[in-house]
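The structure appears below as structure tokens.
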């Protein structure tokens, strides 16, 4: 029997009332994964033996009635280190690496009774927006297996949307949670920068990376954010701010709430059908009592250029540690130390990672630092200021999550610029360190369309309030791909 259509609150009631055991639920989840994985390819590793052992231990001690996540399974993106479980960031260079420690979020999952059932596929080192840059295999879209699932948290989104797992963790550097959530018709949140510890997250771009939850519904998303949030002394960028109950405003009405609609998010390059769905969603929020007005974010058009300079520069520095000596892939038939470095990195890194390392190294070079990296930092400040100005008058910003629905597998592999432009609407949120969510808001040609809601720093509660109000009065989140029911 499959339980993949039940919320974690419903599953918790079954567990507390002993209508099902954690072991039975885990076995059912493993069956769901086994049935769908050949078509989806969301997992790099399923930790069956470990998961069953943890579930049996939870049954032995008894379900905690006060912890809604106790005994529930979760998938974890493969750039989040897990003690004793191979962690590769979907890269050949980290093949076979078994971490001796847990990421802070991995510990928090265990402390909340969540069972890590496996490691999820992704674009290599989180560099990509389609899931096709995995060095192991490409994940498929849950709605149409000929389409991309989005990236870089490809497995995190597809596993939830296809009914393999109810919950997953991803990471978001320029849209890597929100974009695949949109493409797969689920809920994905990038928290405020610093809200969730990055300790144990394999770094891509340290000033932009953030771990976040992917789930079928808004409430479950908030429940998972409750688990992973909080200050961590091991992460110098972790914020020592109070962690509220993120579910506290869910169910409250949104009358009088002011929502901004940036005209730049509906301009050139935005698919007409996507635009139509998002404007209809804005009208729906107006019917619920919100005040929706057009605004301008004039510097958002520079976001993609700024992002690829800053992110690639930080990546070129972060990825220096993968040298073929301390751990991971080591080239054979080498002549000297330099040859070892060059061959190990050339053979171990995929083409997109190499492209970004070269771009970043160029941007940081003596002749380009002021012209590119420093200038990008200045424009980043202008983007931050644009958001701050809008948030003086408005509670939230609304727009499409992506310019288009999911495209065909292979369609943009040889066109990195068009791939980069797919993150046009999500990137500014990372540059400004703001929280942003994607929720299902319609369909275009049978494929899901995501609506993005952007909030003030540390105000994920208001995002969840509006997202839940929309979800409660629409049916988009109830629609499921064919594979879900298999």
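If you go along the chain as it appears here, the first residue is 1 and each next one adds 1.
The backbone N, Cα and C atoms fix where each Cβ goes, glycine too.
As recorded in Swiss-Prot:
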- 77: active site, charge relay system (ACT_SITE)
- 152: active site, charge relay system (ACT_SITE)
- 176: active site, acyl-ester intermediate (ACT_SITE)
- 132-144: compositional bias 'Polar residues' (COMPBIAS)
- 150-159: compositional bias 'Low complexity' (COMPBIAS)
- 131-159: region 'Disordered' (REGION)
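The distance from the Cα of the residue listed as 'active site, acyl-ester intermediate' to the Cα of residue 77 (active site, charge relay system) comes to 11 Å. Residue environment of residue 152 (active site, charge relay system) contains 34 other Cβ atoms, counted within 10 Å of its Cβ in all protein chains.
Taking Cβ-Cβ distances under 8 Å and a sequence separation of 6 or more, the neighbours of residue 77 (active site, charge relay system) in its chain are 119, 120, 122, 153, 155, 156, 168, 169, 170, 171. Just so you know, the Cβ of the residue listed as 'active site, acyl-ester intermediate' picks up 36 other Cβ atoms within 10 Å once every protein chain is counted.
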